[in-house]
Amino acid sequence: MDFRIGQGYDVHQLVPGRPLIIGGVTIPYERGLLGHSDADVLLHAITDALFGAAALGDIGRHFSDTDPRFKGADSRALLRECAARVAQAGFSIRNVDSTIIAQAPKLAPHIDAMRANIAADLGLPLDRVNVKAKTNEKLGYLGRGEGIEAQAAALVVREAAA
């Protein structure tokens with residue numbers, strides 16, 4: 001068996017006039033994340049981790065922020081397409097672990113829905129998807145509430161050829 005671990009990262013600026021979508025969940029808040037797509041920072045980090053684990057590059061290589069097809073794109077659809085490309089490369093996704101770093105809003109009430117979305121999109125049992133939420137203890141741009149960051153790790157495996 002060929003086990004691979006991928007690491008993903010994303011950050012987006014918080015701005016007025018946009019919805020806040022994290023993990024495919026719309027979260028009530030006065031600001032949202034700025035981006036070409038729906039700017040779902042968590043799903044972008046997970047997508048990057050999966051592409052990285054399969055040595056398929058990164059999210060920008062597959063879903064460029066200069067491509068008008070992805071303007072306002074639903075990041076859940078992008079994650080599903082990522083999973084299909086990882087599978088096409090011969091890998092199965094085993095688990096995902098992720099962390100969201102945001103001073104506000106409180107994300108704990110939304111974690112279960114995020115996990116359910118990610119598990120559904122990746123075709124995984126819920127117990128193979130983890131999402132954690134942390135603050136930056138009021139330090140730096142994250143602590144000042146200027147943006148939200150996400151980090152993710154993913155394990156994929158390719159069965160040995162017979």
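Every residue gets a Cβ built from N, Cα and C, even glycine.
Record note: Swiss-Prot gives D10, H12 as divalent metal cation-binding, and the candidate from H36, H44 in that site is H44. I59 (4-CDP-2-C-methyl-D-erythritol 2-phosphate binding site) is 7 Å away from H44 (divalent metal cation binding site) when you measure Cα to Cα. DSSP gives I59 (4-CDP-2-C-methyl-D-erythritol 2-phosphate binding site) a helix state. Of all Cβ atoms in the shown protein chains, 13 besides its own fall within 10 Å of the Cβ of D65 (4-CDP-2-C-methyl-D-erythritol 2-phosphate binding site).
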